[in-house]
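Report on the structure given below.
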Amino acid sequence: MTILLVTGTSTGVGKTVATAALAAAAVRQGIDVTVCKPVQTGDDHDAGEVARLSGVTRVQTLVRYPEPLAPVASASRAGLELLDHTQMATAIVALDRPGALTLVEGAGGLLVELAADGKTLRDLAMVLDAPVLVVTTADLGTLNHTALTLEALAVQSVPCAGLVVGSFPAEPDLAQRLNRENLANQFGTPVRAVIPEGAARLMPPVFAELSIELFEPQWVAGLVA
């Protein structure tokens, strides 16, 4: 069994589409996939989008807070408590199965408080002893944001499973073209996929075919080897 956490260098970088794409690619290789969203704020759109695009039927949100804000703010305004991160970890382990892949999509970036006592997705990764896949962009500023996220993982010895560019335009500008190259060369961390802008608007069968092309099959298979 394998647990892989998915985070972003910020919010809105394409974590959900990246999670769906990796899930779809794994399903097409015959891998049993579960997707978990430990914390959702606002509506439950992310889980529904992952299920729609990937075809994965085991998609679970552990807790949802009503307003689309940072988890601690949304929980506070609703008069609700944040879950303990060890509770989250226990629930995630219970979802995992032998020979299966469990993808855990975080909320916002790596150090967003999503559990009680200020705990973050990084803390959850440490409890689970699981690697983290980092979704980033090719936009101006991404090299700094990516470096900060990778450094935050490294300082706690949390392994990084690679980078994914969550949305790359069909007609990139100069900064986007150069950043795509620099993301691949600057950090010593492999870029696992570059997802075309607008991929989420594809019909699910087309999205699944694209996903197979985006991720190296050997890497995907190796996640549960």
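In case you wondered, yes, glycine gets a Cβ from its N, Cα and C as well.
Same-site candidate for Mg(2+) binding, as annotated by Swiss-Prot with T16, D46, chosen from E105, E113, E151: E105. Those residues of the chain, other than T16, D46, E105, with a C-beta within 8 angstroms of the mean position of the Mg(2+) site C-beta atoms are V6, K15, T19, A20, K37, A47, E49, V50.
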